[in-house]
Structure formats: structure tokens, C-alpha cells
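Down below is the structure, laid out as C-alpha cells.
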């Protein structure tokens, strides 16, 4: 080849790409990553069938973030990085709805005390529809009426360009930046047949589980909790700082098309819903349907009313729509509502009644809860006679008093609560009032003005309620810690109420699961001082149980005239105690429950802030009771879903000598919690920069904590003794309690398994089960659902509520439903109960 040829001259330049080439490549790769990540999000949120692991998604996401940082001008409007939120706004712009966002007419089906519905209003709706169609026979679609915030999403050329709240129906607020953080709202529509323009109407809401997690974080951060998921969703969507919205998991379900140009032209509403899913939206699968007549609609409505408490989201009824879009147009609108749709509300969950008295209940942790005793009222399908007032702050805020007419709410299995007072109905009394003449009089001045009969004013009949100063059960002082909303009885296990509630919790199905020992028997044992501590349960015998039974049943007349249950009369006429089956069953239940799973045992102890989930986290992180007992607070605070407040509560519990003595007594009585597989890797909570950053009274970032660790030679001895460390650290470690904490940390980590040991299963992990995802469906022959879940989790597996491509096994019992069908369709392995037990070993 001629070295002077012009091809050879340009070869070097070809090896070095120009700035425009780099930019073109970056633009192409950004487009590729954006499309790829949006497709993965669609598979995850809409199809519930992810095709890549989370780690792969995260890796690609970080790659896209880096490219966009280097080339901000190339960032696309549908980039998934927008879901983390942007800079705060000064305010929300107004958006005028081209198609008004109208409301629906309500229909109600009252339910009598026998649970029978009166569907007269729905039959009337059906008749109006038929009349409007000149006797035509409509089909109906019924779907959930979500208790959230209505919004409108506008897409142009498949890209989300605007999101607006309903507002007054004509004008709403532009919340586009916030809506882009909602994970299951597509930023770019999917599929090939996307319209040039489409405006999708739907509801933004917060799932019940996400609401509970948010309120837990609010409480841990000393912030006011939200009253309900709807308020939480509305407040989150209207944040000026979209980064806050991004932290609060919101969800969206579409329910109608306001306008559309191009794309698939639906003839029925049920087709619209299917089109939504094809475009990338999520649907409330299994909770909507199309039916041929109103009777089928009402049957589904009643089924959904029963199913309501189990749903992952709040609904307050069902929306019924004429399916045919042509028939919808024919029926048209009346005022500001369509004739072809109705909001079929569930039976009232709120009702008016009168507060007859206010007293208090003492919980197992000593919490003093004011309770309103009510005139019986039928609400939410049951007769309600009591309602919680939560705490003194809530009583004062709502100003609930004896005699007040109040609104009571009961939703699903939630404890009834007093929502508000109807102040105009408050009972009043007339009282004399002295009117001053403006002249100062001595106390004995004969001319000083005195109240006259006609100088009166109305004042409330009853004074504002205040909690008692002493426990009504044990007379111990009621105390309220600074910053706490709840007041507590200081009596501990000396208080019969706390003792009874603590023992009931200890023996409950989700805790120690002591078969045969119910609330009634525990209350009787406590009332007679036969059981003072948890360990006393394991010292019970038949004579003690018989004594409990006889004392509880005995009346003055019976004690002289007739033998009690479990006794016989001998020739001498004296009562002779005989063993009875019920007592033997209780003792057998106590004995069989002596080897609980570690998570159940921890939950049973009644540690404040430790529910089932937190107990499982502790068991999975530490593996043995001894490690949990000795876990230092900073290490606890590093665990998933355990913040500083919960960590402090756990550490405080195990730091108390009486609690350690109580556990020792249980162990001495033969209780032996099982060893749990360590399935949360130690690195999750043992990385030095993490626990150092969580040391009490020493504020430091994780980056600075890492630097401190390296300065100390990467060992705790260095933290304890190195004199070259920063002065603020040396001052902190010089405090006796902090020096003791460092020594505790050193001892604790010496006993914890290493990362490799945990991975190799040195703590009894079942390698065939560890890290696998199981779904349970149907009724198993011998195991209850929670028993099967506990066995799987104890072996290191996970249990999910839905089937996806991530599912490893579906355990199917009798009457397995749609989960089994989906598992077969996805090729997921199906196990019987026997096969599960074999796998578990």
C-alpha cells in the first residue's frame, strides 16, 4: 500500500473519534438504555414477569445516570432516572382540562344486621339505563372505586408530557414532575400501536403496606403520621420537592380515556382496559370484570365487599359502567355526571352515635388507651359499642367528651375509632355569669355586682377528658415520656392488665402458638395470681389448672350444693379431684411448644416496636438467641427496616436485668428456641462504616466513619486505644458507657459468623432452599399457611404473595386457583406439601 495514499493519511484520524462521534454514540447508547430500562420496568410492574435480576437493572440504571451526567443535554423525556425526582418547584402551575374530569353519581346498598343487602338503588340505575337505551340490554363492567387521588396523564407521540390533578373538575394543578416518580406509570407508552395523543384518567394511591411503612418512618423521625393512605397519597403527590414524592411509593391504576388520536380504537370499555395494559399500565387484575346483567354485577360486588379487607389497597366501593362505548354516548350526561356509570359504595363505615363514657385500657406494654363507650350502632357490617380514642393528644385535639354525638368509623378489620365530634349537638347547661360594672370592689363590698337569674350563658355539660394519673388496675403511676404520644402504666408485670395481655400475646398463634391456652384461661390464671411470669406457664400442673377452673366457676351457692367440673363425690361425700381432658390438652400444648422458631420466640417476648417482620429480620441476621441478646444498638440500627428508634428499643429491652432473668427462666424451664439460618449477610450490618455512623451521641457520615476505621488500623482495638485519632473521637470513647459499648462490639463481632461462613451455611442453612422464592396457594393437607411460611423462612427461603418469573417454587394444595395456573404458564416448579417437606429436609 502506498504510504502517501489519502486513505492511509486519514487512518489515524479514524482511530481517534471526534467530539461529534462521541456525542452521537452517547445519544444512541442513552436511547438504547432508556428503552431497555423502560422495557424492564414494564415487565416488572405491568406483566409481573421480570426478565433480568434486580442487580442487572441497577447496573444499567447507574450506567445511564453516568451518561446523562456527562451529557445532560441528551437526557430523554422518558428517561427512568427522572423517577428519583428533581429540584424543588416554587409552586404548581394551573392546567385547564380540555375534557372536564366529572364526578359520578353514588348508589348505596344498605346491609341489615343479618348481612342481607338492599340493592334497590342499583336496580333503579339498571332500569334508567334500559329506559335510556329504549329497552336495550346493556353489559356492565365493574371495577374498584379506589380511595386515592384522581389524575389525568397526557401522552404525545407516546411520551408523557403532562400530568394534572382533578382540581375542581375544570382546572387542576400540573404535577408532572412528581408523577414521573411513580414507578408503574410508563414515561413512554409500550407496544407498536401507540396513539399520537391519548389522555388517560386514573387514580394515584398508596398501597396499605407502603402506607404502614411510611407512617413507621414518620414516627421514627418524630414526624406526624398520616391519617390514612388517601391523605398520604395526596400529600405525597403535591410535594413541591419531587425527591420527597419519589421516596414515598405511589401506585397508579387507569380507568378511562378522556381523548385519543390514533392507535387502537376500542368499542367497549373492557377493551380500553386491555389496551391500557398493552400500553404499559398496571390493572387491578382479578378485581374487575365484565358481566351480562345487573344480577351478575351485584354478585361480584358482594364478593368484593367480603374481599375488601384482604386487598393491598383501599377501596370504598365499586364503579359500574355500561360496557359499550356507543351506548355510553347514547346515554350521555346529566348535570356533571354520566348516566352510564355509577359509584356503588360499600355499606357505610361511618355512623353517628353518642359517647356514654370514657375509660382506659392497659395494653401489654403498659400503653394507656382511652376508649369511648358508645350507644350501640351498626356500622361496617357489625354492631359497635366501643371505639378507640388513641391517646390524650387525640382526645384533646378532637375534644371528645362524655355525652357528645360523634362520627364512628370502622373499616374492614380495623378497630373502630371516633373520627370527629358533632359540636352543634354537644349537651350544654346554663350557668350564671357575673357581669362587671367596671368598678373595682372590695370582696366585702355590699354594692358589688352579683349574678342575676337572667345573666347566664351556655357551657358544655361535661368537662374536657383527662387521663387518670394512676393505673385503674394496679394503682401505679401513669407516665408519659418526653416526645411520646402514648402514656404508660409504670407497673410492668406487677400490673394484672399488662401481665394478662403480655401472656396472651406470648401464647398466641403467631408467637409461641400454645394450643389450648386461650385468652379466657390466661385471664383466670392471672386474676388468681397463679401465673406471674412467662416461665410460670411451664410450671403449671393439673391440680393448679383444676384450682383455676373451680375458682372461676364457683359461686356461693355452687360451692355448697354441687361439685364443679372435673370433680367427683366419693362415699365420704367429699370432693375428689380427677384429671380432666381439657387440662391435659393445655399441658400438652405447652410442652409441644417448647422449641419455637427463633423469630416466633423473639416476637413472643413482646419487645416494644418488634412485630413479626422485625422479629424475622433479627433471626435472619443473627441466627441464635444469644447473638440477638448481645447485639449492640449500632449494629441493630444497620439492619433492614430497623431504624434508630426500634434499635434503641431492642437494645434497651435486653439491657434490663429483669428481662435477661426472664429469658434465663424460660430457658431453665426447657424452652429452647431453634437456631435460625443466617440469611441476611453479616456485611449488611457488620460493615464498620455503617455501625460507626450509628454510634449514639457521635454524629458522623459513613464516609468519615470509613476514614476513621482506616486511621484506627481497621480494628476495634485501634478505635479503643489509638491516641492519634481525632480529638472528638477520643473524647467520645473516654465516656464509660461508650468504652463499654466498644468492648461489647468487639466481643460481639468475635462471635458472629464471617461472610464466608454465612454463605457456606455454617448456621444450618438449607442450600436447596436458601435464597429461593416460594408462593403458597390452596389448602395444604396438614400445614397451616403460616406454618409452611415459617418452615421455609427458617431454612433461608422467601415467601411471596404473587407468582412471577422470579418465583422458584409454587407449593399447591387443595383448591389452588389462579396462582397455580400462572405458575404452569410460566413454567415454575410445582410442589406438593410432601415434596416441600422433603426439600426442607
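Placed from the backbone N, Cα and C atoms, the Cβ positions cover glycine too.
Quick look at what Swiss-Prot annotates:
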BINDING   54, 55, 56, 57, 58, 103, 104, 143, 166, 203, 321, 345  NAD(+) binding site
ACT_SITE  145  active site, N6-AMP-lysine intermediate
BINDING   471, 474, 489, 495  Zn(2+) binding site
REGION    554-575  region 'Disordered'
COMPBIAS  561-570  compositional bias 'Polar residues'
DOMAIN    764-841  domain 'BRCT'
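The number of other Cβ atoms within 10 Å of the Cβ belonging to residue 471 (Zn(2+) binding site), over all protein chains shown, comes to 23.
Set side by side, the binding-site residues 104, 474, 489, 495 differ in how many other CB atoms lie within 10 angstroms of their CB, and the most is found at 489. Over the domain 'BRCT' (764-841) the predicted model carries a mean pLDDT of 84. With respect to their backbone Cα atoms, residue 471 (Zn(2+) binding site) and residue 104 (NAD(+) binding site) stand 50 Å from each other.
Nearest to residue 145 (active site, N6-AMP-lysine intermediate) in space, judged by Cα atoms and limited to the binding-site residues 104, 166, 495, is 104. Of all Cβ atoms in the protein chains displayed, 20 besides its own lie within 10 Å of the Cβ of residue 166 (NAD(+) binding site). Taking a C-beta cut-off of under 8 Å and a sequence gap of six or more, residue 56 (NAD(+) binding site) has no contacts in its own chain. Other than 471, 474, 489, 495, the residues of this chain whose Cβ falls within 8 Å of the Cβ centroid of the Zn(2+) site are, in sequence order, 362, 366, 472, 473, 475, 476, 478, 490, 491, 494, 496, 497, 498. Taken residue by residue with DSSP, residue 56 (NAD(+) binding site) is part of a helix.
In terms of C-alpha distance, the listed binding-site residues 474, 489, 495 place 489 closest to residue 104 (NAD(+) binding site).
You'll find the Cα of residue 321 (NAD(+) binding site) roughly 54 Å from the Cα of residue 489 (Zn(2+) binding site).
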